[in-house]
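Annotated features, as they stand in Swiss-Prot:
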- ASP498, ASP504, GLU507, GLU508: Mg(2+) binding site (BINDING)
- 39-149: domain 'tRNA-binding' (DOMAIN)
- 415-520: domain 'B5' (DOMAIN)
- 743-836: domain 'FDX-ACB' (DOMAIN)
Amino acid sequence: MKVSLSWLNELVDIHCDVEELADSLSMAGFEVEELIDLSASLEGIVTGYVIDISPHPNADKLSVCKVDIGKSEAIQIVCGAKNIRSGIHVLVATEGTYLKDIDLTIKTSHLRGQISQGMICSLSELGLPPNNDGIAILEEMNIAIPKIGVCPKKQLGLDEIIFDLAITANRPDGLSMVGIAREVSAINNTKLKLPAIDLLHKDYKEFDHNVESKKFASRNEVYSLNLIDNLNGNNDSSEEVKSRLRNAGINSINAIVDLTNYTMLEQGQPLHAFDADLLCELTGKEVTINDFGIRKAKTGENLIGIDGIDYSLSSKVDVITCSNIIIAIAGIIGGKNSCVNKETRKIWLEAALFSPSSVRISSREIGKRTESSTRFEKGISPEITISSVERCLNLLTKTFDCQILEKWINRELVIEEQLLLLRREKINKTLGKVVEHKTNINAGDNSNNIDKSGESQINTLRNIDDHEIEQSLISLGCKLQKDVKGWLVEVPANRKLDLKREIDLIEEISRLIGYDRFDSNLPNPLRPGGLTPKQKIERKVRESLTSVGFQEVVTLSLVAKDQYSKNQVAISNPLLSETSHLRTNLWQEHLNICQRNMAYEQKGCWIYEIGKIYNIDSGRINETSLLCGALVGNKSIGQWQTETKNSSLDYFQSRGILHSALNSLNINITDEKLDENQLLHPGKSSMLKLEGKELGFFGELHPSKLSDLNIDYPIYIFELNFNLILQSSTRKNKLNISFKQFPTVPSMERDIALLVDNNIQSLDISNLIIKTGRPLVEDAYLIDRYEGDNIPKGKVSQAFRIRYRKNKDTLKEEEVSPIHDKIREKLKVEFSAELRS
């Protein structure tokens, strides 16, 4: 929102300088993003008077002008404008002036042999809207002509300071000059000088709705139309109106349109004018109030807007119709088929209150955002809608000798005044004490806070006075009634959208009194912050994976639609088709990352990600937290001895790397046979389990999918339920650090090799060995696995190393042998194993 200081001065008394005002607005929540001094654009520009002109002796299209710019002697300027003549006042850029809009610094130069000591400017060369095709002639601009040699900044409306404010979504009243004036009045406790609004033909008639328009009335939307005659679309606005519109970033069109835009800037209510005669031509009949309607557009319909753009409409877009012909997109832009023009003499003036959500949807659908849609999206109070119409009618009647023929509204406005209870106790409890600074002139040597004058500052704490509370709320326009507990507060129309609860009123009180005036209290006692157990485990997982060589990646959660997936979650308003749905897995993007890295001739790519996936199940959207990753190649730096060796990992190496990373969590993850999975290699994959629950999978990517990636080495991927890891790792018995004494006696190791069916897992065998050999067997683990030549089909050779140890005594051979024989026999029985050693 661009706020003009001179306009603001008309609406409220300002008793501080520009910088103080900017600071106070920023502290109150209206951040001043930029202070713009418009007069800076006219630095070096003066008013000149063309005394005489003569043709250029060496150029047919140039003239040599003698121009008085208020100096002792007139200067000579070579000019090529067709409308140059003697006896006119012009805008002269003197030597050294920099014209920003055309990136030109004026210097004394020779043009075709004639000296030129400046430049006679057009309005466009100064960054202003042009009024003709040539230079600016002040006599033709309907402004007071300044003295010769004086900068015409005041006459051009550029003697101005602009506050560029950032308006937050909860303060729609800040999108109007009146709203900002009220805020300045409340902050500085100064007098408001708002324009008086005369109610012209006060009563509105309620018109009949067609079927579709009734739906909009039921949404508490307001639609008002006023028929006004005896206007003139060929009239220009005053320079004051033009400059104020220009300073707000709005182009001047004609007096009718300009006054609707002027009202919008002043009051915050968008208005639109339809040419009544064009509507009659469009419909082929005399238009009455009952011809107007509001409905949803039909897919395939279109409207050429007043900006000349052809908008394709969908069934989500609300449109205004006349005899069912679309004449505007509700709350956004009017149609060219009914816009005000130079021939306009009669208009239908529209003032409406559209649903913020419907305007937002329509705006997104057509890809257009306007000053009107911005205001409707943030919300407008119904009282503002009607008062703004009256304000615009006042301006039109003052500018034209016009007649208000009809005034219509779609429903009776019933304004329910809601009183909010504001409790004194709640204010003091929420805001705390106010710090009162007092000066002690007779301070002794023992005073703790003594300034250079020898005076000391004494800080005292007190509750907020009732007077301060009442003054703050009254300055906002609230009406107060005393209550036993505090006050009953009636909120003004311009603040009804954001002051809805007691806490909202308390916030306003603290904002206006000043946040810095309240005592700040630290928590007592102070406790150091820290991580939750789950946060600690998550950090530990990251550290562990990084320590074994993984790199963390963060991939986009938005993906393209997968034609083979039926449980994807669609985004309601995607920006691109490539980001139209939420992801259902993490591994897909991980494979793409591996492919890109290997294409750049990296030795390997080990990555992981802790992220969320989304899917629809029985109509509900589920969110799952996963730990996923991929390994391809070998990340170790090759040496001269090993540089020529294959750097790919096998299944067991890759699984061991993941096992090493997760081993620090003190959780027992087991591998089991994985059912058929089209993503993974059928013989090199496993289902991972944690405490009997399915944790996820680990395995080599299926050869058919690997060939699509054009990578020479196998890729191993894993997907684990991260919530299950957190649940298991954060149990008290896992978090408590336990100490196991190092063994003080030697162990005895024996190897055992056996031939078993290839569907028997090594984990089952090692578990049986440990269980059978208790308490002497300390550990048993796989040291070799072979299937191929000299091994029967369907069989596999597995070799295990068994470690025996007693707690206190050294083991003897005669103690180990019976246990070892028992294990051998048990393996034969349980797995039909053929012992090889």
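Backbone N, Cα and C define each Cβ position, glycine as well.
For GLU508 (Mg(2+) binding site), the count of additional Cβ atoms within 10 Å of its Cβ stands at 22 [all protein chains shown]. Take the mean position of the Cβ atoms of ASP498, ASP504, GLU507, GLU508, the recorded Mg(2+) site; other residues of that chain with a Cβ within 8 Å of it are ARG495, LEU499, ILE503, LEU505, ILE506, ARG511. ASP504 (Mg(2+) binding site) is surrounded by 16 other CB atoms, counting those within 10 A of its CB over all protein chains shown. Looking at the domain 'tRNA-binding' (39-149) alone, the prediction's average pLDDT is 91. It is ASP498 that, of the binding-site residues ASP498, GLU507, has its Cβ surrounded by the most other Cβ atoms within 10 Å. Within the domain 'B5' (415-520), the DSSP-based counts of helix, strand and coil residues read 36 helix, 30 strand, 40 coil.
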